[in-house]
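Novice: Dumping what Swiss-Prot says about this protein:
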- D47, D99: Mg(2+) 1 binding site (BINDING)
- D47, I48, D99: Mg(2+) 2 binding site (BINDING)
- D47, I48, S49, G50, F51, T52, D99, K144, V406, N412, I413, A414, A415, R416: ATP binding site (BINDING)
- K95, V167, R176, M337: hydrogencarbonate binding site (BINDING)
- 42-179: domain 'Guanylate cyclase 1' (DOMAIN)
- 293-418: domain 'Guanylate cyclase 2' (DOMAIN)
Amino acid sequence: MNTRKEELQDRAIVRIAAHLPDLIVYGDFSPQRPSVDYFDGVLMFVDISGFTAMTEKFSTAMYMDRGAEQLVEILNYYISAIVEKVLIFGGDILKFAGDALLALWKVERKQLKNIITVVIKCSLEIHGLFGTQESEEGLDIRVKIGLAAGHISMLVFGDETRNHFLVIGQAVDDVRLAQNMARMNDVILSPNCWQLCDRSMIEIERIPDQRAVKVNFLKPPPSFNFDEFFNKCMTFMDYYPSGDHKNLLRLACMLESDPDLELSLQKYVMESILKQIDDKQLRGYLSELRPVTIVFVNLMFQDQNKAEVIGSAIQDACVHISSVLKVFRGQINKVFMFDKGCSFLCVFGFPGEKAPDEVTHALESAVDIFDFCSQVHKIHTVSIGVASGIVFCGIVGHTVRHEYTVIGQKVNIAARMMMYYPGIVTCDSVTYNGSNLPPYFFKELPKKLMKGVGDSGPVYQCLGLNEKVMFGMAYLTCNRNEGYPLLGRDKEIKYFMCTMKEFLMSNCSRVLMYEGLSGFGKSRILMEIEYLAQGENHRTIAIALTKVSFHQNFYTIQILMANVLGLDTCKHYKERQTNLQNKVKTLLDEKFHCLLNDIFHVQFPISREISKMSTFRKQKQLEALFMKILEQTVKEERIIFIIDEAQFVDYASWIFMEKLIRTVPIFIIMSLSPFTEIPCAAASAIMKNRNTTYVTLGAVQPNDIRNKVCLDLNVSSIPKELDLYLVEGSCGIPFYCEELVKNLDHHRVLVFQQMETEEKTKVTWNNLFKNFIKPTEEFKMSGLGNEEGTEEICKLASGVRLKNLSPPASLKEISLVQLDSMSLSHQMLVRCAAIIGLTFTTELLFEILPCWNMKMMIKALATLVESNIFDCFRDGKDLRLALKQNAASFEVHNRSLSLQPTEGIAHGEEEELRELESEVIECHIIRFCKPMMQKTAYELWLKDQKKAMHLKCARFLEENAHRCDHCRSGDFIPYHHFTVDIRLNTLDMDTIKKMATSHGFETEEEIKISRAGIPKNSELFSENLSPEEIGERILGFFDVILTKMKTSKEDIIPLESCQCEEILEIVILPLAQHFLALGENNKALYYFLEITSAYLTLGDNYMAYMYLNEGERLLKTLKKEKSWSQTFESATFYSLKGQVCFNMGQMVLAKKMLRKALKLLNRIFPYNLISLFLHTHMEKNRHFHYVTQQAQESSPPGKKRLAHLYQQTACFSLLWQIYSLNYFFHHKYYGHLAAMMELNTALETQNDFQIIKAYLDYAMYHHLAGYQGVWFKYEVKAMEQIFNLPLKGEGIEIVAYVAGKLSYIKLMMGYLDLAIELGARAHKMWALLQNPNQHYVVLCRLSKSLFLKNRYKHLIQMLRRLWDLSVAEGHIISKAFFYLVCLDIMLYSGFVYRTFEECLEFIIQNEDNRILKFQSGLLLGLYSSIAIWYGRLQEWDNFYVFSNRAKTLVSRRTPTILYYDGVSRYMEGQVLQLQKQIEEQSETAQDSGVELLKSLESLVAQNTTGPVFYPRLYHLMAYICILMGDGQNCDLFLNTALKLSEIQGNVLEKCWLNMSKEWWYSNCTLTEDQWLHTILSLPAWEKIVSGKVNIHDVQKNKFLMRVNILDNPF
């Protein structure tokens, strides 16, 4: 039975009937319109307060999760309760109007007395519902009820597509008046109702000076049985459910199918509702908080109450209103009698109906409706209120009776303006500002205090939309601000400068057209051009058109000529007339002067000839006259005519301009939005003219967006997070950027404060990334920054999550216009894509699209790519490349395009779409062009639908949420998924096998791979070989492996390179967000930790930090649920925090985090010396145990144990490096213990890779500490371990890793020849293994070794490879290192590979790159090198700029070769500064010298500074000594440096040392600009290769450090 009932209730007719009252559903009406029906009844008007305030609260909410749906739930919770009461008591809900409803009890007149009692009982029970409740949102919901009874008329009216009905009569007026009198929780009876009711049953209270009364309560006699009374009353109600249907709320729920009835009922329902009823996919689609424009029309009549009298007037008005709205996609939402009149609530921008220029169209419609209705007989006053903004549009009510309605402050404002400003068209300030119409179309009205809307801002009267020629008012709309430059538009201005030059030098016309969408800053460009175009021999005329200009014949030329003739400054028509007479007397006979009357608003007497002339002839005469005037004018001065919004140029003006540019030399500059329809022939001819330059505007680049934000906010820097949000969200469109900033400011997200000095702030995790992005250099040089000392910075308010912010209403509107212009199926695709995220794969989209086939999807995607909704990319690399730059402006060659045959064009379009389809098939990554579209489309979903879609996405993505096949599909955090149960899908055996092998469990087959030709370790290290021989054998082993890799037929080498970065971006990042949306916090945390680990692998410390913060938020919420897995997650969390701090050079913080992680992993690291020695003793025993037991096979640890061990190894590996950085003697014991604990933990894992890494780390620790015997032993152990590995997959990677790591150790220790040999082999291996992340590291180190050996040929080869790799992979660190070596070559090798300017440009462009900025060492080296360059040139201002930037990075100490390389350069810069101080005989020179010497000595004394840096450091120490007159120590340091260079084979330093030695002790003096002469003569590498320059001569191009011992003041 229930199923049958559900089926019935799901019928289309039942769903339509739910939108209509029984009065219509069961009505019997004549087909003529208007038609009138009469009856008696009781009316109840219920007004619910609190909803508008709630709608406002939701519509201005910051975050996307507070959507329409939550609002619908709250609204309908209350309204459905009221509806239910009304239906139970036999009422019929006639209308819902926003937050009010009107109900009717239709009965014969004699039944009114009893029915009024029933209605009063119903009213009191409704009040009872709200007496005690308070909404969950903390809003007080209260109701006011008015009751009336008597004669009622019903009027049905409409056109052939849509019907409306109204109830009219005294009772309708009375019920509204009664409700108006009511206060909260009152029930008021109208005078007539009080007259007709059973007074004995009702206790009332009189209202002073009123005939209406207030009901206190019902007072039935003791014997009264209400149920019996009620049942008796209901027998008089025609459609009250009884008998079999007595349990139903409404009889209409059981309507049988009836096509005729269905057809007639459909006419009463809005088209969008019918669409939703037909298409079940769209359920819930119409409930939205969305920006709309409300047009409230009120008609007052001479004879108010007679339906038959006013019916025809309402019918005429309705037909006209409908026809006007249809043109602009507006809809009549409601019609009702309202305070002495009939009101139409019209809405523009309903779901599916959003159109561009909505506000303009609404005003245009309002004026049209006003003009028409004012002429209709019997209508004596027309008042219209127009307001724009966000309102709630949605279905409100109960499942059995509801309506589509709009609720919000803007609806109230429009209604109030309509009532308080009768007889005119009014609009609010939002509509005024958004109309893009000239101000003279409006007049600001005096403010009135309007009930219920508070201060709604200024109110304007719309005076009409006929363009009046207000001379001097059509100027450009924006004003140029001297202090506000045009940012990021140099290329566009260049087009103007070139065209201007051509125009001034030639005698023919030029046209420059800038085409761009709204918001691209076209008006700003023209404003700048107007300023630049000012000159002595030419006149500039600049005008801005509006939408209305298009409909005014010859308007553009009218304004141009008024300016040329100087009429724009005339105050009065007589002044204009005199001016015109003087200008045209020689060109035009006096009797023809009256031709100018209409066009220039003058009053010359009309001659007989002109009165006989046809309009066409008059126009031709005028055009001829204007042409003569312009020909005459250009002989005296050139004319530059600038037109903004040129898409609104009228047809006649285009024709004249086309003729004009052929006849008269004139320069026309236009900006225009893309034409919506094909432009007229004249406009096309201008675009195709050979002298036209047509530029399509591109977006502004990220750097300029940042500069713009700093300028708009008047700050010196903004947070990195804000920078990323604005760059991504604005897509380089200036208007988008402004709106986003306004929105943030509105929500108080931006906090401004004085800039703190670097020293003041103590480093904590929260301020670890003092990531303030400053404007670019060029911007600062333009002198627009703040004055020194008063610099303010912008910060984000705490706890703000930018990516969850709701888009600003203005941008939402733009997206909705685009969405609503699509077909329903395309809308559905975009909305589904929005759930997946900003970037998604075609596979996942196909998975979640309901009932689509692949062909349909590809076709739809191609169309959406063509209309710039989506971009498609072949792979992650293409995507990353595209995101770095925005599309720039470009020139369109319309002339060459026009030469194609027309049928070819149509064919070309089809061909283009086909090509796009095949491109989409090839590209599997799709991304929204604009993030705002994704956010807007996402917000349209209902909560349950969202959840279901997120779940689908999560299930699909989860299968691929691991490392790529190249990296053997493991977790980014080893064995992570074994410790935490997070999967939705149950694992199949294949997946488990795959994941197990990824962590180094070889299968039998893998071990049996042929190892022929590879020596066994017994063969390698059998006898007592010398270190040199062992070295040779090791190199031989690597050569054998390389040969095997190149020639083996087995699949040793992977088929493709590492795809982990792509998997991170398109699988794991979205998956974490899906779990977050599903409220699965533990799963989201798991993936946030994976993401962090992945970003650390990719060298992106900033993103790792951001996602750790996301994880921290979740950890706090999960802390309440104590479980073991959370302990592991916490440990991993601190371990990852430690890694980020370590990479950022914040060692105190890193140590704290790593200790916390170890504590959670049950491996406490000692805090005091007693505990230290105890632990050391234990670890030594443990090590001895592992070494002796190694021969015996013991069972490997379980997976969960392995997860712990891997984390412990990572922590210990960082800890020993941190302790090695410290000078205090006891720290070396801590360092040694950490290194040993790492080794023992690795041995426990029984994993070859872990053991080998630990052996090499242990060797490295002893290398740096200077224990020769120990390090050698462990390097040999590591080698022995790799001989036993299977040469496949991970085995080969371990071999490559060992070669690279040994090469690094040898470079640090200064064994340059061995470093090069090992590095070359490692480079070849990683190249074959296609692992760019490892490959670039080896190439960088190899380049460094070759550079120190002066092996330039090989060096340049490696640099080329490094460059190719950096370009192919879009890899910033390898590119930065490339430029670092290029600077080195110029500074120390004496030739040029890439120019200094190119290197400097790279640094300026990329210093804010998030990977480079937070990578310790590289930027320090680059800044220091530039500082050295300027220091050598004695350009001290530039030196200080870069030296100070380097200084801020020195404190980020990390024990890496890059950091020490950077520090040694920084010290060199400081030494040059010291030399300047000594020369200037500065008082602080002596102290500075001593301080510098100490710093250099401590660097040499530090364990972690590799010996490879000693020669340079001793060289600098020697220079300081000679500057300070300490010859003895100078000799000592010089000789030490020379000796070390000799031992290491450091040819570069040795050569420079010898030159310094010779120079310092000679009597020669140095010219001031010696380095300038040197750099001017630096040869390019090409000259050296071609033999034009001898390589030995090049070595003399070294900087000679200036000394002047004779004048030494010390």
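Each residue's number is its place along the chain shown, starting with 1.
Backbone N, Cα and C atoms are what each Cβ position is placed from, and that goes for glycine too.
Context for these features, please: burial, neighbours, distances.
Specialist: Secondary structure from DSSP puts D99 (Mg(2+) 1 binding site) in coil.
Following the DSSP three-state reduction, the secondary structure of D47 (Mg(2+) 1 binding site) is strand. Spatially close to D47 (Mg(2+) 1 binding site) yet at least six residues away along the chain are D99, A100, V143, K144, I145, G146, Q179, A182, judged by Cβ distances under 8 angstroms.
Long-range Cβ proximity for I413 (ATP binding site), meaning a same-chain Cβ under 8 A and a gap of 6 or more residues, is found for G385, A387, D428, M450, V453, S456.
Spatially close to K95 (hydrogencarbonate binding site) yet at least six residues away along the chain are P21, L101, L102, K334, F336, E403, judged by Cβ distances under 8 angstroms.
Helix, strand and coil content of the domain 'Guanylate cyclase 1' (42-179), in residues and according to DSSP, is 62 helix, 45 strand, 31 coil.
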Novice: Roughly how many Å separate the Cα of R176 (hydrogencarbonate binding site) from that of V406 (ATP binding site), to the nearest whole number?
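Specialist: Cα-Cα, rounded: 20 Å.
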Novice: Helix, strand, coil: count each for the residues of the domain 'Guanylate cyclase 2' (293-418), based on DSSP.
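Specialist: Across the domain 'Guanylate cyclase 2' (293-418), the residues distribute as 49 helix, 49 strand, 28 coil.
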Novice: List the residues of the same chain that sit at least 6 positions away from V406 (ATP binding site) in sequence and have their Cβ under 8 Å from its Cβ, in sequence order, or write 'none'.
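Specialist: Once residues fewer than 6 apart are set aside, V406 (ATP binding site) is near G98, V292, I294, N333, L345, V347, V391, F392, C393.
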Novice: Compare the C-alpha of M337 (hydrogencarbonate binding site) with the C-alpha of each of the binding-site residues I48, S49, F51, A415, and give the closest one.
Specialist: A415
Novice: Determine, to the nearest whole angstrom, how far the Cα atom of I48 (Mg(2+) 2 binding site) is from the Cα atom of A415 (ATP binding site).
Specialist: 17
Novice: Considering only the binding-site residues S49, F51, A415, which residue has the minimal Cα-Cα separation from V167 (hydrogencarbonate binding site)?
Specialist: A415
Novice: What other residues of this chain sit with their CB within 8 A of the center of the CB atoms of K95, V167, R176, M337, the recorded hydrogencarbonate site?
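Specialist: Neighbours found: L43, F45, L94, L102, L166, I168, V172, V175, F336, F338.
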Novice: Which residues, sitting 6 or more apart from A415 (ATP binding site) on the same chain, put a CB under 8 Å from its CB?
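Specialist: Same-chain residues close to A415 (ATP binding site) (Cβ under 8 Å, separated by 6 or more) are F296, F338, S343, G385.
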Novice: Give the mean pLDDT for the domain 'Guanylate cyclase 1' (42-179) on the 0 to 100 scale.
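Specialist: Summarising the domain 'Guanylate cyclase 1' (42-179) by its mean pLDDT gives 86.
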Novice: By the count of other Cβ atoms within 10 Å, pick out the sparsest of the binding-site residues S49, F51, D99, R176, M337.
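Specialist: Each of the binding-site residues S49, F51, D99, R176, M337 was scored by Cβ atoms within 10 Å; lowest is S49.
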Novice: Please find, for D47, I48, S49, G50, F51, T52, D99, K144, V406, N412, I413, A414, A415, R416 as listed binding ATP, the greatest distance between any two Cα atoms, in Å.
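Specialist: Overall maximum Cα spacing for these binding residues reaches 22 Å.
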Novice: Neighbour count first, Cβ atoms within 10 Å, every protein chain included; then name which of I48, V167 tops the list of binding-site residues.
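Specialist: Checking each of I48, V167, the winner is V167.
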